[in-house]
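Colleague: Among the features that TrEMBL reports, transmembrane segment is placed at 25-41, 70-90, 102-119, 125-147, 159-181, 193-212, 325-348, 355-380, 400-424, 436-459, 471-489. The domain 'Major facilitator superfamily (MFS) profile' annotation in TrEMBL covers 28-493.
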Amino acid sequence: MPGGAVGLVGPVDVNRVEAPVTVKAYLLCAFAAFGGVFFGYDSGYINGVTGSSVFIELIEGPGATKLTGAHNSLITSILSAGTFFGALIAGDCADWFGRRPTIIVGCVIYTIGCILQAASHGLSLIVGGRLVAGVGVGFVSAIIILYMSEICPRKVRGALVSGYQFCITIGLLVASCVTYATENRTDTGSYRIPISIQFAWGLILGIGLFLLPESPRYFVKREEIDKARGVLSRLRGQPPNSEYIEAELSEIVANAEYEREAVPVTGYFSSWMLCFSGSLWVAGSNLRRTVLGTSLQMMQQWTGVNFIFYFSTPFLQSTGAIPNAFLISLIFTLVNVFSTPISFWAIERVGRRPLLIWGAFGMLVCQFLVASIGVTIGFNKTHVDAAGNTIANNIPAVNAQITFIAIYIFFFASTWGPGAWVVIGEIFPLPIRSRGVALSTASNWLWNTIIAVIAPYMVNPDAGNLRSSVFFIWGSLCTCAFVYAYFLISETKGLTLEQVDRMLQETTPRTSAGWRPKTTYARETVEEHYEEKSKYGSAA
């Protein structure tokens, strides 16, 4: 085994593998979470823009009152197509050029997409601009999680990575407010202003990242140990020769050497195939982790959250119980924003596994209640008044459904919303971490697109017309998420990324919470080094 870790430090105490958390560490990681605003704002503003009369006439021609179904679907979903491919490409870029430069490039691509959209005079530029911006969002959404997971102190990693989901909710809220403020404009500002505000997010994150350090694990992967030591010193607020820095760096190096020896990488394609090596039935295998990461993001989308934010407002408004579409959208968005910070405390105090298990349980109860009330006395029971408007027979029942939808959003925002992002940033070993996180993020965007495409067919009156029955589907999928979390999610709270790697090899999900590190990769490297030295000395 190479002697990198041996030269760094002797046997390492499992309880002293990381320096105490400093305010500086909080600030550095918290700023990186700002990338979530991209995701949230870009997902939120388009719903308001596509309702602008000026924008509708720009796309469909003078006198048009609404977008055609094909154009609406294309404009809305093309962003997700870009993010899917952007996330996959970003995995390679993060390994070749670094985590930080990849995010900065993503900001540049995103800004170019914003320029194309703001300059649009028809369908082609708005679609092309959203596709380009989507690639940038894909870069940022995939690598921000990777970057934060690699630089955050283990004791607060879950809370800080959860900040990414919080920034997504902030982006959605800002988008709702901006589109509401511009919806009555009769000039091109009704759509150019919401589009142009996106420039701010790209500039803030792109410029700010020039002031942040690169990930130390990226330098270790490239065997640039001195650079890794300098970055760790800056991140942890310790001198470069501090025993904390030496201990943490030696563990990262030893783990990287262990992984390189276990499964050597011989080329570009073999590095991708490494993500799918091993058996699906072995908990610590790369294949198992890749399937876990991609399916976890799939499950997050299966909870039905995008149906709520994309389609619930017109769906509820059609009953006549909700006259103000913006009001209900704002209520749901505010619940989303103010519930997410609960996860900052819960994900470190309660843990990842319980949070996902009980979050799924809370969501499934709410979804089944919404469905049951709706098919008996709620959404599905309406009449037409004298003016020809469709009105719900039982307004209090509809309000009860809205209340349970809000409670559902509370459970999602405080559990699965941030929890899924935290877990995918922790479960992959260093050799495949960038590609594993990229694949998981791409899965999120893929299922985001699929659900956005099929949901209207499930509820539109001229298609499935499921009405409240659609919540039986989301409730059933939340039940799947509950079972999934119980059997497949391991507890990673309070562990370094290297300790997570060992824990996944030595436990099952249901026994993972009781696992405690007994040794370190660095200690084993040192012991193996001296055993080999003793053996060769005896032979001589």
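Start at 1 and count along the chain as shown; that gives each residue its number.
Including glycine, each Cβ sits where the backbone N, Cα and C put it.
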Colleague: Which whole-number mean pLDDT does the model give the domain 'Major facilitator superfamily (MFS) profile' (28-493)?
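Modeller: Mean pLDDT, the domain 'Major facilitator superfamily (MFS) profile' (28-493): 86.
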Colleague: I'm a bit unsure how to read this: which one of 70-90, 159-181, 325-348, 436-459, 471-489 has the highest number of Cβ pairs shorter than 8 Å with the transmembrane segment (355-380)?
Modeller: 471-489
Colleague: Do any residues, 6 or more residues outside the transmembrane segment (325-348), come within under 8 Å Cβ-to-Cβ of it, and if so which ones?
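Modeller: For the transmembrane segment (325-348), the list is 155-156, 158-159, 162-163, 165-166, 169-170, 172-173, 176, 180, 308-309, 312-314, 316-317, 355, 402, 405-406, 409-410, 412-415, 417-419, 422, 493-494.
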Colleague: Taking the transmembrane segment (159-181) as the first stretch and the transmembrane segment (25-41) as the second, find out whether 3 or more Cβ pairs fall under 8 Å, excluding pairs closer than 6 in sequence.
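Modeller: The transmembrane segment (25-41) and the transmembrane segment (159-181): touching, yes.
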